[in-house]
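A.B. asks: Here's a structure for you.
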Amino acid sequence: MAHHAQLGFQDAASPVMEELIHFHDHALMILFLISTLVLYIIVAMVTTKLTNKYILDSQEIEVIWTIIPAIILIMVALPSLRILYLMDEVNNPHITIKAMGHQWYWSYEYTDYENLEFDSYMVPTQDLLPGQFRLLEVDHRMVVPVETPVRVLVSAADVLHSWTVPALGVKMDAIPGRLNQTAFITSRPGVFYGQCSEICGANHSFMPIVVEAVPLEHFENWSSLMLEDA
């Protein structure tokens, strides 16, 4: 999860997030090289005493500064398009969960089970247990099995919300009257935190999201207990 004075992304917990981090590093290196080249050219033009009367009308230079930027754009666009298609893929999900945004909490429904649904509210600061995070902990976590394709159907009951978990590389808008979908696979067990990422009213910052990835056996035990309590 995020920590104090963090400069980079959170540790990836899904294959898509790993691809996003790699693409970020790829694009950042290209931007660094471009910035260095431009800075060098500016410094060279300001400091040099040599002049070239043909510099403003050179066919060769015009060809170079047209072709090279086009190649650079292709180097950025192709990996980006690949990741966009990867993020939209929903291939044979083993579990489907419906996440509904409300002012100001989330409700979850496991559509593959009967009567497995619950509301997820933020735990107030005065009720936090040792080791729990302020403004991030909830009373009911969304539990998923690790290394299992999960589809999340996202909608809202009142205003616009956004279901976002950075470590999983997931961000999907929750729009009233519309059902959006996204998918992810958790690559390791853990607890991953997110927050509503669409301004939705006075308590927008008080509706966190917590996804807990557990081994399949633990998930089956958890679902059985939830069904017994329903």
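Quick reminder: no glycine exception, Cβ is built from N, Cα and C everywhere.
This is the feature table in TrEMBL:
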DOMAIN    1-91  domain 'Cytochrome oxidase subunit II transmembrane region profile'
DOMAIN    92-225  domain 'Cytochrome oxidase subunit II copper A binding'
TRANSMEM  27-51  transmembrane segment
TRANSMEM  63-85  transmembrane segment
A.B. asks: Can you give the mean pLDDT for the domain 'Cytochrome oxidase subunit II copper A binding' (92-225), rounded to a whole number?
C.D. replies: 94
A.B. asks: Are there residues at least 6 beyond the ends of the transmembrane segment (27-51) whose Cβ is under 8 Å from a Cβ of it, and what are they?
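C.D. replies: Apart from its flanks, the transmembrane segment (27-51) reaches 72, 75-76.
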A.B. asks: May I have the DSSP-based helix, strand and coil counts for the residues of the domain 'Cytochrome oxidase subunit II copper A binding' (92-225)?
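C.D. replies: Residue counts for the domain 'Cytochrome oxidase subunit II copper A binding' (92-225) by secondary structure: 19 helix, 60 strand, 55 coil.
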